[in-house]
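What follows is a single structure, written as structure tokens, with notes after it.
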Amino acid sequence: MGNTAIAKKGSEVESVKEFLAKAKEDFLRKWENPPPSNAGLEDFERKKTLGTGSFGRVMLVKHKATEQYYAMKILDKQKVVKLKQIEHTLNEKRILQAVEFPFLVRLEYSFKDNSNLYMVMEYVPGGEMFSHLRRIGRFSEPHARFYAAQIVLTFEYLHSLDLIYRDLKPENLLIDHQGYIQVTDFGFAKRVKGRTWTLCGTPEYLAPEIILSKGYNKAVDWWALGVLIYEMAAGYPPFFADQPIQIYEKIVSGKVRFPSHFSSDLKDLLRNLLQVDLTKRFGNLKNGVSDIKTHKWFATTDWIAIYQRKVEAPFIPKFRGSGDTSNFDDYEEEEIRVSITEKCGKEFCEF
């Protein structure tokens, strides 16, 4: 590296520091003073279910006044309470309304009624990375690297705000109209300064320290990044089995096998991310994220250009118009029922 290149690297590191410092001020201001509810169910025309979960669903809706399309997440308060997800749900809304980053889905409105909580987010018509990955089989390394770079930058941003994401998987990554990623579902995200102990996440993506009920930190996100990059480039995750317990045994064993088509740089990066020993895992060492950003597999990545969305995406999803749902599966439609009496008012008073 010549002196000018070193100087450029130095100034880039400085400008990232400045950027993150300002981002933290912005975040803390919104985190401490979340704005009041700014809409109601009657403001939206419901179009179609985009996905369902254990305590709610996500629907495509159209804002009647502006005719804009949005994705509305509807959570049944009583089910949230039954499944002991109150804290997670309050976290999700409080975090989403306070963050701002090119690869994070934006929360536009939130409100509640007697029965449900509502989070209205920008609609990302390209659908889940999951469905594209399954259809194509696997992504080429440059294709996988394009997405991985966006996750690296997103985690660098979130971690600088003391946020752990904890739910990285292809189902939670939407592909937007420009072919870039939008991270969605902050249901497990949490603001943590030191360690935390909650068992949550998706079996294939859990870090060993979560499985072993150890206190864990943001390094679990870097482990999950390793799982994601492997799955994007292979077409299947590094640890899989029929039963979660068998998956956990494989994860904790620290043994990973790579497909023969993986480049040696990719294998090297993955060995450092899928590292059971926390004192050796990339992202968790004294250089932090720069061990990942300067790794050989990312040598061709222009981090600033990715952040500015100036790099041409390897794939643009096909869709017709802003309200097209052809990239999402079909689900059985169900009426939204709202009780005449308030449910769980106390539990969700801060929502």
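Placement of Cβ uses the backbone N, Cα and C atoms for every residue, glycine included.
Feature annotations, reproduced from Swiss-Prot:
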BINDING   L50, G51, T52, G53, S54, F55, G56, R57, V58, K73  ATP binding site
DOMAIN    299-351  domain 'AGC-kinase C-terminal'
LIPID     G2  N-myristoyl glycine
MOD_RES   N3  deamidated asparagine
MOD_RES   S11  phosphoserine
MOD_RES   Y69  phosphotyrosine
MOD_RES   S140  phosphoserine
MOD_RES   T198  phosphothreonine
MOD_RES   S322  phosphoserine
MOD_RES   Y331  phosphotyrosine
MOD_RES   S339  phosphoserine
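Positions of the features from Swiss-Prot, shown on the structure.
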residue: S11; record: phosphoserine; Cβ within 10 Å: 10
residue: L50; record: ATP binding site; Cβ within 10 Å: 25
residue: S54; record: ATP binding site; Cβ within 10 Å: 10
residue: G56; record: ATP binding site; Cβ within 10 Å: 22
residue: V58; record: ATP binding site; Cβ within 10 Å: 22
residue: Y69; record: phosphotyrosine; Cβ within 10 Å: 20
residue: T198; record: phosphothreonine; Cβ within 10 Å: 14
residue: S322; record: phosphoserine; Cβ within 10 Å: 12
residue: Y331; record: phosphotyrosine; Cβ within 10 Å: 14
residue: S339; record: phosphoserine; Cβ within 10 Å: 12
Whole-number answer please: how many Å between the C-alpha atoms of T52 (ATP binding site) and Y69 (phosphotyrosine)? 19
Please spell out the DSSP helix, strand and coil residue counts for the domain 'AGC-kinase C-terminal' (299-351). 5 helix, 0 strand, 48 coil
If I take the Cα of Y331 (phosphotyrosine) as reference, which of the binding-site residues L50, S54, G56, V58 has the closest Cα? L50
Residues within 8 Å of the L50, G51, T52, G53, S54, F55, G56, R57, V58, K73 Cβ centre (excluding the ATP site residues themselves): I74, L75
Which modified residues are spatial neighbours of V58 (ATP binding site) here, meaning Cα within 10 Å, out of S11, S140, T198, S322? none
Spatially speaking, which of the recorded positions S54, S322, S339 is closest to T198 (phosphothreonine)? Use C-alpha to C-alpha, please. S54
Nearest of the binding-site residues (L50, S54, G56) to S11 (phosphoserine) - Cα to Cα: L50
Between S339 (phosphoserine) and L50 (ATP binding site), what C-alpha distance do you get in Å? 24
Rounded inter-Cα distance in Å - S54 (ATP binding site), S140 (phosphoserine): 34
Alpha-carbon spacing, G56 (ATP binding site) to Y69 (phosphotyrosine), which is rounded to whole Å: 19
Per DSSP, three-state class assigned to Y69 (phosphotyrosine): strand
Candidates L50, S140, S322 (recorded positions); nearest Cα to Y69 (phosphotyrosine) turns out to be S322
Record lists L50, G51, T52, G53, S54, F55, G56, R57, V58, K73 as binding ATP; longest Cα-Cα distance in Å? 15
